[in-house]
Amino acid sequence: MTVIAQLRNNFLFDSLDDYNCSSPPVDWTTRGTPRPVFGSLCIASCLVGVLPYLACLPTLWGMRSHACYKMMFFLGLTDMGTLVGLALGGVTFVLGGVYCHAPRISYAVGLLTCGSFFASCCACFMIAINRFVELFDIRSLLALYKGNRPWLVMVIPCLYGYIPMMVSPIATANSEAHLFLIDPLIFSDDRYEYTSYFLLGNNFTMPSMSSLLYLTMTCGMFVRRRTLSIQCGIIVIFHMTTMLGYAFLQLIHTSDALQYAAHMSWIFMHGLPPYIYFTFNSAVRMRLLGIAPSQAMRVTTTMNNSVGKS
């Protein structure tokens, strides 16, 4: 069994033997397993995440005077990109689609979904660094978050998310496995081992590093800021369990129930933040409810100043 090339030009996937649908003598119209219930559930769950984000993003944009909210706004865009891609994946499940039914469309959906997902993971880590720097008042790094510099910092998640999807193995929606798989399920003789070292590295290192930062922050501020500790803990738990679980499912075959749970967790991971903002962030909540926007900004400024001084 040959491991597929990890450095590749994905725009020329038609010429790559491991993704060439014309290699085996297969009638692809006979392949695929329609999953209307699960696919519809995926689409509905994505909408449940996208709609509140549409309400939150203008609020986050209005509070962009603080670096953290600039980065949270960018995170919202990447989360919504992932949710849109996952909703399109839900359409694939409903129709019983597989990679070889429409390779170009499958690649485009995979590029949007996985690229946005990786950008989101990196943005979460960058936000964790920002909160860590501000909480512990690391003056040598605070200059990175002055003025419009956070927008430049967000170039890093863009490059991290989308460029690897052009040059490394990519996952596509496949109704036969009701997951986004790196393996396009073209060959039945196991001639290739489909894996992505980038995906595995991201799904193991990003949650680990973010968790370490959040754990340090939680220990340092739990007594003073218990609600923020809970907020951080919820986000970290969802990221860790989902990313690690999905990475394992790329390597091993398991029960349908676990695959369904892992995919729904991926959707919830990106749809959860606006609900967390509304529940735990009083400044965002006041703005969303239209209660004294100027007062909400003063609350936010006071909150950030108190964190920086503590």
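Yeah, the Cβs are placed from backbone N, Cα and C, and that goes for glycine too.
Keep in mind that TrEMBL annotations are predicted by a computer and have not been checked by a curator.
Going by TrEMBL, these are the annotated features:
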TRANSMEM  37-61  transmembrane segment
TRANSMEM  73-99  transmembrane segment
TRANSMEM  105-130  transmembrane segment
TRANSMEM  151-174  transmembrane segment
TRANSMEM  194-216  transmembrane segment
TRANSMEM  228-248  transmembrane segment
TRANSMEM  260-278  transmembrane segment
For the transmembrane segment (260-278): best-contacting stretch of 37-61, 73-99, 105-130, 151-174, 194-216, by Cβ pairs under 8 Å: 37-61
Proximity of the transmembrane segment (73-99) to the transmembrane segment (151-174), 3+ C-beta pairs under 8 angstroms: yes
Two-stretch contact, the transmembrane segment (194-216) and the transmembrane segment (37-61), at least three Cβ pairs under 8 Å: no
